[in-house]
Amino acid sequence: MHNKDKLMRCMYSMQTRLGEKDINLPQYYNNRELSWLDFNYRVLQESYDKNNPLLEKLNFISIFSSNLDEFFMVRVAGLKDQVKMGYDKPENKAQMTPQEQLDAIKIKNTDYVNTQYQRYNELIKELANYDIEMVKPEDLSDALIEKLEQEFKLSVLPTLTPLGIDAYHPFPKLNNKSLNIFVDIDTEDAINSAIVQIPSLIPRFLTLNEGTKQYVVMVEDVITYFINYLFTGYEVLNTFTFRITRNADLTIHEDGAEDLLIEIERFLKERKSGSAVRLELDCRTSEKENVEWLINQLEIEDNDIYYLDGPLDLTFLFGLVDHLSHKLKYLTYEKYTPQPPRSLGNKNIYQLSLERDIFFHHPYESFEPIVDFIRQAADDPNTIAIKQTLYRVSKDSPIINSLKEAAENGKQVTVLVELKARFDEENNVHWARMLEDAGCHVIYGMTHLKTHSKIALVVKRINNELTSFVHLGTGNYNDKTAKLYTDMGIITTNKDIAEDAINFFNYLSGYSTKPEYNKLIVAPYDIRDVFIDRIDKEIRSHLQHGNGKIMMKMNSLTDKTIIEKLFEASQAGVKIQLIIRGICCLKPGIPGISENIEVVSIVGRLLEHSRIYYFHNNSEAHIYLSSADVMTRNMIKRVEILFPVEDKSIGQRLVNYMNLQLSDNQKGRYQDAQGLYHYVENNSSPLNSQSYLMQEAIKYGEELKKQSVQPSGQPVHSRRGGSWMRKLKNTFKR
């Protein structure tokens, strides 16, 4: 009775304190778009890290540019559409209107992009120490210019088509992210203009060797230098290079679509020619009159224009690093190949999962057992059915091949291929058709929802009984990105989860109303409700026992409903530790609001992608893994799965992992009460959590090797190799 009275008094006291603070004030929140720009700047910071090899620093600069392209194509494009429609309602956190957001984006991003180009120019100069020089054609010797001219005539000139601009030739429809050269020509009768679009399929740079030196020349500089080949008989007066980014956030018309595949294909064609949202120009461009004309043709504003001190589109550095890494391997990361999973060892994945849950932590641990999980099922005559969701897969996916083989072997194969996975639509349309041709039953997703869940179900007949094996994960079934993204997964034969998995796939197939689940929590809506319930229970537990604690690891936090609950928990005294790699709309450490909340972002060699949710519950912890971030879109616009971790040893690994990341003083940045990020500084020994986990995984792999055991998965040694980030072009967005 005494404890109950104490609890009621504490709750009344908390409610009184809550009434004194208005948690809706905009100064307690970060704007989503500006928070994303700050994340992208943390990516750029990696190009300054003295512990990163030179070529990897260049890769981070390239990633920064690749990220920005998508940001403009989707987020900026969406804001511009709102402004055009006259929508001026502030967003619900930092209370900024669309136009205010666009203005703030321009200011912040201009500063960050200027920093990027400053760093790019510094690093390019460092390459000269290794006999690699970026040059203009006019800087080359006569002999090298002659070689360059031959290469231009052989490999570049045949691909170019000048597009005249006059009364008979209107302004051409230039492709999204295309690189173009504007040309003024004196035709004696008048000064006319033309545009030369540089084909995306030709190399972005050419290389020339002379002695020990290698010269790198940008293809746009080569074309400009030899531009007279395109306009023989005329005098070329001026040229400048420009790049256009277009709106790619177009609407897929699902309602009334007879065939979603056909609608997606129409959408992909439309995306290539959306309205312009950004114009990039070389800062040395002096052709103001032509630039003004171009601006008018593209119907863009001053906020959309960026003058850059170097080559446009620094994503070319992915290719340059790949080229140079063959010669300069010692300027790339020491190669790491994922090790055998500690939870699996040398056991058979199906036999062991009948005994206990199996945990996987990629890429420290190999993704190969997950590939084998599907491959073995396809080959096993005891397999009755395979069901799987696919959101993003590699272009030569072994999982796709196994699913096709399974169907050809007479198994019942059901695959949900999410056709609306942004910028993977074309790839997924291809796989959907191929799987259908192989005899798989293919589901295209759910109307107005993206199926982002990561789940695979294998049903086998064992001893005349059907047994279900379920894999649940935080990341995609993509064997390529599984080497670069940190993700987690569990394989289980838990009967409640197996029943849930069966009901989940029936629901996706459209032959079932929304089911009641035993263990799985499924969005839309249910995940948010469970989070609210668990936070409320943690508050009550803390008021009674004084040991409330919440830890969450995710990619982004934007959902205001959950942020408000976290504020409430903080005000009640619950300790909250958030590991958020990207967007964070919550400001921590504000007295009376979020003083008990800590936010840490880790950006490093690997892309942090796991989602873990921990509630202390007076030492009876509830721990979950999920495909979902705490973003509004994940809560209400996607089909997501949150699943409990009930194995105590796996739960402890997750807690240890989060504590390790919170202690990272090399790649960790903490957010202050103003929303600014700072590197974690303490007197502890240097700790890079990603490097630490790599070394621990290698130790385990070596232990298995000493036992002369053939492990499940691929044991790997550490050695130098080519750049890992070449495949990371879209890494830091998802």
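Cβ coordinates are placed from backbone N, Cα and C, and glycine is handled just like the others.
Proximity of HIS452 (active site, phosphohistidine intermediate) to non-local residues of its own chain (separation of 6 or more, Cβ distance below 8 Å) is seen for TYR391, GLU418, SER627, ALA628, ASN634, ARG638, VAL639, GLU640, given in sequence order. Secondary structure from DSSP puts HIS452 (active site, phosphohistidine intermediate) in coil. Residues or ranges marked as active site, phosphohistidine intermediate in Swiss-Prot: HIS452.
The ATP binding site feature in Swiss-Prot is assigned to ASN67, TYR485, ARG581, HIS609.
As annotated by Swiss-Prot, Mg(2+) binding site applies to ARG392, ARG422, with the evidence given as sequence analysis. In the three-state DSSP reading, ARG392 (Mg(2+) binding site) counts as coil.
Nonlocal intrachain contacts for the domain 'PLD phosphodiesterase' (447-481), taken as residues 6+ away from its ends with a CB within less than 8 angstroms of a stretch CB, comprise 254-255, 350, 353-354, 360, 362, 367, 370-371, 373-374, 377, 380, 382-394, 397-399, 416, 418, 420-421, 487-495, 497-499, 501-502, 504-505, 508, 522, 524, 607, 609-611, 625-628, 634, 637-641, 643, 727, 731. As annotated by Swiss-Prot, domain 'PLD phosphodiesterase' applies to 447-481, with the evidence given as sequence analysis.
Helix first, then strand, then coil: DSSP counts for the domain 'PLD phosphodiesterase' (447-481) stand at 1 helix, 20 strand, 14 coil. Between the listed binding-site residues, namely ARG392, ARG422, ARG581, the fewest other CB atoms within 10 angstroms of a CB are found at ARG422.
In the three-state DSSP scheme, TYR485 (ATP binding site) falls into the strand class.
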